Amino acid sequence: MGRFIFVSFGLLVVFLSLSGSEAGFCCPSHWSSYDRYCYKVFKQEMTWADAEKFCTQQHTGSHLVSFHSTEEVDFVVKMTHQSLKSTFFWIGANNIWNKCNWQWSDGTKPEYKEWHEEFECLISRTFDNQWLSAPCSDTYSFVCKFEA
């Protein structure tokens, strides 16, 4: 009997640890989830700095969206294409603090650089994810992201 309880307890521990790994995260209401992250499209237009500040106020660890895989890009492009009437939206890549060093507003580095560096902030097209630099003082819709 003791062995049965021990084995049953062991299986319960394994089940609980596995169920909490990837499937255990959830996003707040009106946020979409993808690969342990939560995303939300905001239709109101703001400058890059105001949009980043707004994102940080939405949830702990939230910033303008950063991209780290083509699958993530596809997920966000689909979201923005469906919900935004505008063609462009802010993304978190910028070189505001260091002209020679592009980074995402969450502090991570872009894995690739496929844009012309005319301005310090980046926008993405809603239908094909082409990145373009834009004056940070322009106003666009935006997407916020945080790790669940």
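Including glycine, each Cβ sits where the backbone N, Cα and C put it.
Keep in mind that what you see is a predicted model, and the values were worked out from it rather than measured.
The annotation disulfide bond is assigned in Swiss-Prot to Cys27-Cys38, Cys55-Cys144, Cys121-Cys136. Residues or ranges marked as domain 'C-type lectin' by Swiss-Prot: 34-148. Residues annotated as signal peptide in Swiss-Prot: 1-23.
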Distance [Cα-Cα, Å, rounded] between Cys136 (disulfide bond) and Cys55 (disulfide bond): 16
All-chain count of other Cβ atoms within 10 Å of Cys55 (disulfide bond): 26
Inter-residue Cα distance where the pair is Cys144 (disulfide bond) and Cys27 (disulfide bond), in Å: 12
Listed disulfide-bonded residues among Cys55, Cys121, Cys144 whose Cα sits within 10 Å of Cys38 (disulfide bond): Cys144
Three-class DSSP secondary structure - Cys55 (disulfide bond): helix
Among Cys27, Cys38, Cys144, the one of these disulfide-bonded residues whose Cβ has the fewest neighbouring Cβ atoms within 10 Å: Cys27
Disulfide-bonded residues compared (Cys121, Cys136) - the one with the fewest other Cβ atoms within 10 Å: Cys136
Where Cys136 (disulfide bond) falls in three-state DSSP terms: coil
For Cys27 (disulfide bond): DSSP state (helix, strand, coil): coil
